[in-house]
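Worksheet: one structure, shown below.
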Amino acid sequence: MGRGKIEIKRIENSTNRQVTYSKRRAGIVKKAKELTVLCDAEVSLLMVSSTGKIHEYISPSCTHKNLYDRYQQASGTDLWQPHYEKMQEHLQKLKDINNKLRKEIRQRHGEDLDDLGFQQLRGLEQNMEKSVECVRNRKFHVITTQTDTFKKKVKNHEETHNSLIREFEERDADFRFPSLDFEGDYQSTIGFANGNPQIFAFRLQPKLQSADLQDEETYGSYGLSLS
């Protein structure tokens, strides 16, 4: 038994519609390939699904452009002229916009002002004042930002310098030796490294002895005493 005929109408269910499109698309492409091989025909297929996807097939012996050119010659129609005219219109609009912008630039440089009236000149002046104000504000912002950055760098350098100075002073204090005091009497310190060091101070004092004791053993004019 053969399959019954189905009614040709739009399939409402989107899933069934997509499945049917995929199956029938594959069948059409298969038939186009068969025509190309069996009949030496040049076939071009272009299909666009409801979701916007494009599927195409072209016989290996030709291109889409060649077939379109042959179609134009056979039918006497020009497929490219409407598209070319639209492109020319769009190009002209772009040229007009470009010329307008160039004219505005020249006017901002003080050129091409002869055709402007008082109100137009006043409007141009106000626009330039606003532009100058924007540039000036941006300049001050950049200056402020750079100044703050330099201040932070200087502060960091000062902190690093002070830290190095403190570190150097601490290291210098570790290697500092006791100094000798030469004010008044001469004093010297002797340390003995047997256990805890003991420090003895010796003082050289002027001899105040009488003349009859001068025969005693002395060291110049000074005597040695333990203080």
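Glycine is treated like the rest: Cβ placed from N, Cα and C.
Keep in mind that TrEMBL annotations are predicted by a computer and have not been checked by a curator.
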Exercise. Looking at 84-111, 140-167, which one does TrEMBL call coiled coil?
Worked result: 84-111
For this session: Count up the helix, strand and coil residues in the domain 'K-box' (84-174) according to DSSP, in that order.
Result: 82 helix, 0 strand, 9 coil
Exercise. So what's the mean pLDDT when you look at the coiled coil (84-111)?
Worked result: 92
